[in-house]
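According to Swiss-Prot, the protein carries these features:
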{"type": "BINDING", "residues": "Cys163, Cys166, Cys183, Cys187", "note": "Zn(2+) 1 binding site"}
{"type": "BINDING", "residues": "Cys174, Cys177, His195, Cys199", "note": "Zn(2+) 2 binding site"}
{"type": "COMPBIAS", "residues": "75-86", "note": "compositional bias 'Low complexity'"}
{"type": "COMPBIAS", "residues": "103-117", "note": "compositional bias 'Low complexity'"}
{"type": "COMPBIAS", "residues": "118-129", "note": "compositional bias 'Polar residues'"}
{"type": "DOMAIN", "residues": "307-367", "note": "domain 'Tudor 1'"}
{"type": "DOMAIN", "residues": "536-595", "note": "domain 'Tudor 2'"}
{"type": "DOMAIN", "residues": "756-815", "note": "domain 'Tudor 3'"}
{"type": "DOMAIN", "residues": "982-1040", "note": "domain 'Tudor 4'"}
{"type": "REGION", "residues": "1-59", "note": "region 'Disordered'"}
{"type": "REGION", "residues": "72-136", "note": "region 'Disordered'"}
{"type": "ZN_FING", "residues": "163-199", "note": "zinc finger"}
Amino acid sequence: MMPRNNLEASTCKMAEPFNFEKKESKPPPQDPLRSPVAQHNHPTFRLKSPENGNTKNNFLLCEQNKQYLASQEDSSVVSSNPAVVNGEVGGSKGDRKPPPTGNPVSPLSLGNSSPPNQVKTKPSSNVTPEKSKKSHKLFENALSVNNPALFNSLGPPLRSTTCHRCGLFGSLRCSQCKQTYYCSTACQRRDWSSHSTICRPVQQSLNKLEDNKSPFETKAIEVKSEVDCPPGVTKEITAGAERVMFSDLRSLQLKKTMEIKGTVTEFKHPSNFYIQLYSSEVLENMNQLSTSLKETYANVVPEDGYLPVKGEVCVAKYTVDQTWNRAIVQAVDVLQRKAHVLYIDYGNEEMIPIDSVHPLSRGLDLFPPSAIKCCVSGVIPTAGEWSEGCVAAVKALLFEQFCSVKVMDILEEEVLTCAVDLVLQSSGKQLDHVLVEMGYGVKPGEQSSTEQSVDHSALEDVGRVTVESKIVTDRNALIPKVLTLNVGDEFCGVVAHIQTPEDFFCQQLQSGHKLAELQESLSEYCGHVIPRSDFYPTIGDVCCAQFSEDDQWYRASVLAYASEESVLVGYVDYGNFEILSLKRLCPIIPKLLDLPMQALNCVLAGVKPSLGIWTPEAVCVMKEMVQNRMVTVRVVGMLGTRALVELIDKSVAPHVSASKALIDSGFAIKEKDVADKGSSMHTASVPLAIEGPAEALEWTWVEFTVDETVDVVVCMMYSPGEFYCHFLKDDALEKLDDLNQSLADYCAQKPPNGFKAEIGRPCCAFFSGDGNWYRALVKEILPSGNVKVHFVDYGNVEEVTTDQLQAILPQFLLLPFQGMQCWLVDIQPPNKHWTKEATARFQACVVGLKLQARVVEITANGVGVELTDLSTPYPKIISDVLIREQLVLRCGSPQDSLMSRPANQHKQIDSHRVQASPSAEQWKTMELPVNKTIAANVLEIISPALFYAIPSEMSENQEKLCVLAAELLEHCNAQKGQPAYRPRTGDACCAKYTNDDFWYRAIVLETSESDVKVLYADYGNIETLPLSRVQPIPASHLELPFQIIRCSLEGPMELNGSCSQLVMELLRNAMLNQSVVLSVKAISKNVHAVSVEKCSENGMINIAENLVMCGLAENLTSKRKSASTKEIPHSRDCCCTELQKQIEKHEQILLFLLNNPTNQSKFTEMKKLLRS
């Protein structure tokens, strides 16, 4: 981007007009269209640099600063044109006249083969001879007071139009004194404190003088500084209150046969696309306009009553980047208060609120639109409208591409539209001819009885015109050649970079001098290239990259964008990669791509990892032996684009083979039939994952024998009849961690490779829970195209998209699948399905514990086991616990258990994953004695039947809590690398507190896709955490009761259904985060039924009674009594019935005395009732 100081300077320099006769070899340097503020999102796209310069028919721009600087070339020159007084020449609406001959300034125009007479094509100076001569003559008569020509020829004296505040060029003038100039309203506000002391209203004579300006002079845009305004407050007025319409903008003066150049920034179809003009003047205009819009509308507020009209040019805030841009109103929806606008400097359009639209200030230069609407001339769509296939194909060829078009006709529509003749740079063919050849269009006037079909032979003839061919000009020409290797080739090389023995890069030593020359050329080229902040290469592009370790330039390929300002690049001549800032990249030229890519991707032949994966130690051994050393490289096979090679170090005697060294060190074992395997896979150079038929893959599960006893950890659980375990033998988990790391590295380096999912096929699958890749089996292909996969090392089933799958390499299948499906033997559900209570209890018994499993039976569906918890003082068999608590039934034999065990009943309890974590039924809070009254603070209100509070008095268990915190810290730190944990609402868990990063016991209040809201159960704090900061809590850490208490509002409450929201609102206002007095009335299942009282100005308020008085709840005591009365059989022999009647009478009397103590008629009625 243009630096701010250059941008400001550019407004003060005189831009020389283009020469229409002289052919330029290069266009002016490309600058972006925005100000240097960080605004990367434009209404459309950046203006791209052209391939060739402007050779003819470029356009000339008129600028205010040209006149001013031209007048400064000779201080003795006085302008004869009064239009220069305010630094601007132009025409008012509907009354534009050309300036006098000899004036070096013209309206904005696009040049053609015959330039206008008033414009000099080769100005030798900035002041014409005619003007100089006239000025000299005027000065000869300067002292002749009686000379009438003095007043007839001279305009107002030329004033300095530099900003009084900052000294930059400024065309805005104080409308009160009309003497002081400013560059912006911001500068005038800052200067008002000093200027207000000398600012006086302009004299009447000056007003008359300004009223007598020539008709072709555009009125200066002035800034009014009212005397009665406080310091720093100014108001901007326009020269007339009328709206700015499209016709008010300065004209481009396009003509037929004129050639224009620019970038296609918006493409709808061949009859409607926009080209953003390219020239240094347009860039300056856009930069100036961007700065002015930002300053003028920075703190603008919507105008009351302003309603844009169709055809009005206004300023609209673009939704994507929230920047202000000029736009033309195409439609207005008054009811919805929305406007449909088209951004005239870019070509795109959108529907935005009217509040985001403001009138265009007349204080801004009325530059012509930078984007012109175009249509392809000489062709019309075959079927009446352009097909989707046509739009897609042509858009791929033109969109964001620099092009040169010839204006064939100018159509007068709502906005200016040019019918253009466009030549495709990729093939040299005219676009209208290509559309006809491909069957998408016909010549005007041609009759076609049937719709033409796409001519496939034409597609072959214009092969360079297909979607893929758009890369010919800007991408294929910028991709270095690839060295080809054949089986049997042998050369002296250097191992440049090693990932693993199955992924490393070699260089041919014979090309070393060419590579050194290339590095010199790169350094020389990049040293002279001006850094471009608008260079945004696409993924796959080759460019020059400055390596971070030595600051030297190398050829690199863009692999991915790490952020908006950084990319991951791979150095194509060495094989290594790193993340670089965009500032360390620059475009590459074809000359630097003559040398083929020197990094050859290789695989070491004859070996495979002894542990199933290549360990860091194995990689180190190989690096010590061959990296950056001259070795003999022998190609024994091809694996797609990678070479299967043998590396031999002949500098020592005897010769050392890299494969044999790895085998001897114990990190690798010999792989048989390597050469046959490599030769059989030598096909076209396509990625291995999609070439030819899929390779037959083999995999195994963890193996067991009946009556074998092993240590296990439950990693996934659906029910006691289906859960998944990790068997802790032979360092299985350590090997799995290493495998997962290698798998993640492999998948991160490989782009999506078109993996075709097949049910039962192993693959690499992306788990969104933690953003890592894991081994999986395809379980189901859904109608939507998504795939359900079973993560074989953990047991969970997830739905993923096709781009979240990758082919898996055979070496990743050597380690047996670790997530073994299991079920508890000797038990069965009471009914057909496992109950939630049984599942929750089983969950509480196994969470986070290392258990002992005895294998009872083995079937194709998994392993039937007996689980025993040895962490307790005596062995605890899990199935016996469930039977003893009457949650499950004991079955007679393993076969019976198998028959009654539901298979894959995921829907029995939950369609989501059920993690092994204690639910709300398993954890306990401290219990208070009945009838005890305590002061407490209410922490969270779930409902009137459940809220959490913490006593105000300090707990006596502080020492135990400190010990528990230390144990939790040790436990949670040891759980790193475990699968992502998703708790449920009400579960107990371990949570990592933000302020100190320590782990504490917590209760889950709410959950979302990425966050969880927790209540710290021993301290009362509440915060929202990412899922990465919560872990399941083992049952052993729940033995100490939570220091908070679970409460429910005292029993006699019945909420009206329609008032539940009001009840919750009242409870939150009355109790939440406030000190209250709790009186324990009863305890049921660790929930305290309490009455809540709160101190107020009028004394203690009972919350429950307050709800009853507000009509949001009712007392159930009387209702229950009346209900129980109805249930008691009427018996004359029972005294309880009579006693109940007497009680009810006395209750009525007491209620009467309380409510109606002075009502005599009612008093007599109550006496009769008492006597009856």
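Heads up, the Cβ atoms here are built off N, Cα and C, so glycines get one too.
Small disclaimer: the values here were computed from a predicted structure and weren't measured.
Between the domain 'Tudor 3' (756-815) and the listed ranges 307-367, 536-595, 982-1040, the one holding the most Cβ pairs under 8 Å is 982-1040. For Cys163 (Zn(2+) 1 binding site) paired with Cys174 (Zn(2+) 2 binding site), the C-alpha to C-alpha distance reads 11 Å. Distance from the CA of Cys166 (Zn(2+) 1 binding site) to the CA of Cys177 (Zn(2+) 2 binding site) is 19 Å.
DSSP assigns Cys166 (Zn(2+) 1 binding site) to coil in the three-state reduction, placing it in neither a helix nor a strand.
The residues of the domain 'Tudor 2' (536-595), classed with DSSP into helix (H, G, I), strand (E, B) and coil, number 7 helix, 27 strand, 26 coil. One way to see the shell of the Zn(2+) 1 site is to take the Cβ centroid of Cys163, Cys166, Cys183, Cys187; the remaining same-chain residues with a Cβ within 8 Å of it are Thr162, His164, Arg165, Gly167, Leu168, Gly170, Tyr182, Ser184, Ala186. The binding-site residues under consideration are Cys163, Cys183. Their Cβ neighbour counts within 10 Å are lowest for Cys163. In this structure the C-alpha atoms belonging to His195 (Zn(2+) 2 binding site) and Cys187 (Zn(2+) 1 binding site) are separated by 11 Å. In this structure the alpha carbons, written CA, of Cys166 (Zn(2+) 1 binding site) and Cys199 (Zn(2+) 2 binding site) are 18 Å apart. The domain 'Tudor 4' (982-1040): residue composition by secondary structure is 7 helix, 27 strand, 25 coil, according to DSSP.
For Cys199 (Zn(2+) 2 binding site), the number of other Cβ atoms no farther than 10 Å from its own Cβ, over all displayed protein chains, is 17. Cys183 (Zn(2+) 1 binding site) sits 11 Å from Cys174 (Zn(2+) 2 binding site), taking the C-alpha atoms as the reference points. In the structure as shown, the Cβ atom of His195 (Zn(2+) 2 binding site) sits within 10 Å of 20 other Cβ atoms. The most crowded of the binding-site residues listed here (Cys166, Cys174, Cys177) is Cys174, judged by how many other CB atoms sit within 10 Å of its own CB.
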